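Notes for the one structure printed next.
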Amino acid sequence: MQALANKRIILGLTGGIACYKSAEFLRRAQDQGATFDVVMTAGAQQFITPMTFQALSGRPVHTDLWDNRSADNMAHIHLSRDADAILIAPASTNFIARLAQGLADDLLSTLCVARGDCPLIIAPAMNKEMWAHPATQRNIAQLKADGVHVIGPGSGDQACGEIGDGRMLEPMQILAELIAFFQPKSLAGKRVLITAGPTAEPIDPIRTITNRSSGKMGYAIAEAAYQAGAEVHLVSGPVRLEAPYGTKRQWVQSAREMHATVMNLAPNMDVFISVAAVADWYVTNASQHKIKKNAEQNAPMLEFAPNPDILADVAALPQAQRPFCVGFAAETEKLIEHAQAKRLRKGVPLLVGNLAQQAMDADDTQLMIFDESGHQQWPAQSKQKAAQQLVQHIARYL
Ligand code: CTP
């Protein structure tokens, strides 16, 4: 699935060393289906050449307000007319000040003033003192008031050797922000708690009993919820995935640890989506030290007790503390029968079913949605696309 299919973006570059990151950003965003027209200021051309962006975008780069390649010499008007957004990355201190003033003294600034209702997104990039300066902060506040969407800046090592706020977001973070920008904000202002991945029950310090779960579905839902405007808390068992941009992740190992973490957070949440594949039992006689083989080669005798049911416990919270609860059911047979029974047993308004053998570790999934009015089958699609559809669907219940 290409998250930016059919999007036409104007990428504006202004003077800053972060220009090198914009080349990588453009490549990654093209992978998602976007087309770019690049506009560079004179300052940007001190850091990277137009040739680089012409080669990457496959289109001529615009640098000059007085460019007679356009028949009527009005590139500053035509460029933005059917664009989906103008993204300025990096946006320098100077360019931000000029934007806030409404100056129109080169192609990029003129284009911004003449853009009409084309959205403007800026990714500031500067030294921490320049970012903290009252004039810059005043200009940023003014731009936000004018409806400009400001992404970042990030914090950390700066090209000048100092450390602090002001560095431009990384290419993949800018891409995540751009994709999020185009998503409907159906969960704006909502707090969403998601469990994902397997749990791992210790047998000894080396060995665990776990479930087969890659975490891909839960992480895709966390990403989609962030893109829909939610504040996202992800409680994750052991998986090999990066936390989706913008989400807060807490690692847990055992089901009991996941239970304690979730019960602590749940009363302050609007939505709880329980995607984790939780182990049903834990080992009550887990060993403090590695279990060694003995001379008779006897297998260790493990004893089990049931784990708490995290979803059922959240669904049983008093109404004032209870988030809207969404369960998952991965079944290997009789999906409709098992999922309907599970929804009632767990006491949740919405349950999402799929066939484990099709979904496990796969990049695609086919979801079946169960609520009090019955069930509906969704098409087989990427987990990202299914997650976006699910998030929009959940928003309708709130
Ligand atoms: N779940 C949970 N805590 C558990 C077990 C399951 O929160 N201890 C949640 C899962 O995250 C999922 C839903 O309950 O949202 C169903 O999980 P599943 O493992 O399919 O159901 P079980 O209750 O374990 O039933 P069974 O193993 O009999 O299918």
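Keep in mind that glycine also has a Cβ here, set from the backbone N, Cα and C atoms.
Marked as region 'Phosphopantothenoylcysteine decarboxylase' by TrEMBL: 1-191. Annotated domain 'Flavoprotein' per TrEMBL: 7-179, in sequence order. Residues or ranges marked as active site, proton donor by TrEMBL: C160. Positions annotated as domain 'DNA/pantothenate metabolism flavoprotein C-terminal' by TrEMBL: 187-396. According to TrEMBL, the region 'Phosphopantothenate--cysteine ligase' annotation covers 192-398. Taken from TrEMBL, the feature CTP binding site covers D280, K290, P308, D309, I310, L311, F328, K342, K346.
Between the alpha carbons (Cα) of F328 (CTP binding site) and the residue listed as 'active site, proton donor' lies a span of roughly 49 Å. Averaged across the domain 'DNA/pantothenate metabolism flavoprotein C-terminal' (187-396), the predicted model reaches a pLDDT of 95. When the Cα atoms are compared, the residue listed as 'active site, proton donor' and I310 (CTP binding site) turn out to be 49 Å apart.
The Cβ of P308 (CTP binding site) has A255, R256, H259 as same-chain neighbours under 8 Å, each 6 or more residues away in sequence. Under the DSSP three-state reduction, C160 (active site, proton donor) is assigned to coil, being neither helix nor strand.
In the three-state DSSP scheme, K346 (CTP binding site) is classed as helix. Within its own chain, I310 (CTP binding site) has T195, A255, M258, H259, V262, M263, S274, A276, V278 as residues 6 or more apart in sequence whose C-beta sits under 8 angstroms from its own. Note on F328 (CTP binding site): other Cβ atoms within 10 Å of its Cβ, all shown chains, come to 24.
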